[in-house]
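Working notes for the structure below.
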Amino acid sequence: MYHRNILIEQTDPEIFAAIQAENARQEHHIELIASENYASPAVMAAQGSQLTNKYAEGYPGRRYYGGCEHVDVAEQLAIDRVKQIFGADAANVQPHCGASANEAVFLAFLKPGDTIMGMSLAEGGHLTHGMALNMSGKWFNVVSYGLNDKEEIDYEAMERKAHETKPKLIIAGASAYSLAIDFERFARVAKDVGAIFMVDMAHYAGLIAAGIYPNPVPHADIVTSTTHKSLRGPRGGIILMKAQHEKIINSAIFPGLQGGPLMHVIAAKAIAFKEALSPEFKIYQQQVLKNAQIVAETLTQRGLRIVSGRTESHVMLVDLRAKGITGKEAEAVLGSAHMTINKNAIPNDPEKPMVTSGVRIGTPAMTTRGFGDEEARMTANLVADVLDNPRDAANIEAVRAKVHALTSRFPVYG
């Protein structure tokens, strides 16, 4: 028998120490990685619940195990809520991650050797959209689209390539593109060439849920997403679809790609979806967008170039070449100042992928901890202060002290 008062620190002091150190890092560092956020205590509690013990292969009301009557309730709530958020006909909440969701779509509609079209990773796409080292790039013939001279999606070139190559699947979505995507235009092209149209909205899902970024659901055959990032739920994936695709997608997830779903995570997804339906969530997302625009404007004023010239979302790419520093160096030195960021290639980047000429910045996490206009501007100036003098130890120490003063005023978990 287990006693509920047995704590991690008693069972495994080494893991406890690592968790405590990470807790401290999250509290005392400013999180600027666009794909990271802070889940609510309720979301985290669900993931630590006894639902982790339950096997539930299949779907609500159609399981291969007994004793699923209660986890059925949790999964059905998650399905109903995510459909309500995005206006979808049908939903699958079982994917373990965004990559699994994308792979399930490939399994449902494609055969090895089929042609797919996605945004080039080098110009803002995602590795699961056709990168050579990813399964999507190994199994399928990949045609990529990218940016024009204004660093905006080159819709004309995309349309021309689609008509030339007749892809079986067209993917819209990105991991490092700051502007609004014209999903309706993609849908028209896909219809013209007879392609399935899939949108990966993982980065933008929270903004879409709040109605402040274009919703792809009315236009796409299939929409995939993660449930963390801007949506602020547990780490996991979802697939939204037209009603006619529900059976084939569900079969692709189980038994095609996965076995037992993670019921504790699905319960956490349901909680996150309930949070996303609240008026407070819309206010939060509006501030995420406003903070991003303030950060972009402030960095521009401090002599840095924002790729595409602006942001219309939660994320931006920053070109560092004017400062004579690489993305790899910037990531390290900003980390020393207790601001967490990730190096990222910029369009036509002359540096290697593990070095890069840019960094990616996002505002979901800082906004979750309560940063508003003033704090967003302060954060951007602190980033610029570091990049102006990246090798000055006294400068880094001074910035770090300002970061700690700021984070102490805005704890993540009060």
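Even glycines carry a Cβ here, placed using N, Cα and C.
Among the features that Swiss-Prot reports, (6S)-5,6,7,8-tetrahydrofolate binding site is placed at Leu121, Gly125, His126, Leu127, with the record citing sequence analysis. The N6-(pyridoxal phosphate)lysine feature in Swiss-Prot is assigned to Lys229; the stated evidence is sequence analysis. Swiss-Prot lists His228 with the feature site 'Plays an important role in substrate specificity', giving sequence analysis as the kind of evidence.
Cβ neighbours within 10 Å of Gly125 ((6S)-5,6,7,8-tetrahydrofolate binding site), excluding its own Cβ and spanning all shown chains: 24. Listed in sequence order, the residues Gly118, Met119, Ser120, Gly124, Thr128, His129, Gly130, Met131, Asn134, Ala174, Ser175 complete the 8 Å Cβ shell around the (6S)-5,6,7,8-tetrahydrofolate site centroid, once Leu121, Gly125, His126, Leu127 themselves are left out. Here the binding-site residues are Leu121, Leu127, and the one whose Cβ sees the fewest other Cβ atoms within 10 Å is Leu127. Following the DSSP three-state reduction, the secondary structure of His228 (site 'Plays an important role in substrate specificity') is coil.
In the three-state DSSP scheme, Leu127 ((6S)-5,6,7,8-tetrahydrofolate binding site) falls into the helix class. The Cβ of His228 (site 'Plays an important role in substrate specificity') lies under 8 Å from the Cβ of Ser35, Glu36, Asn37, Ala39, Pro234, Arg235, Gly236, each on the same chain and at least six residues away in sequence. Cβ crowding, taken as the number of other Cβ atoms within 10 Å, peaks at Lys229 among the recorded positions His126, Lys229. Residue pair Gly125 ((6S)-5,6,7,8-tetrahydrofolate binding site) / the residue listed as 'N6-(pyridoxal phosphate)lysine' shows a Cα separation of 16 Å.
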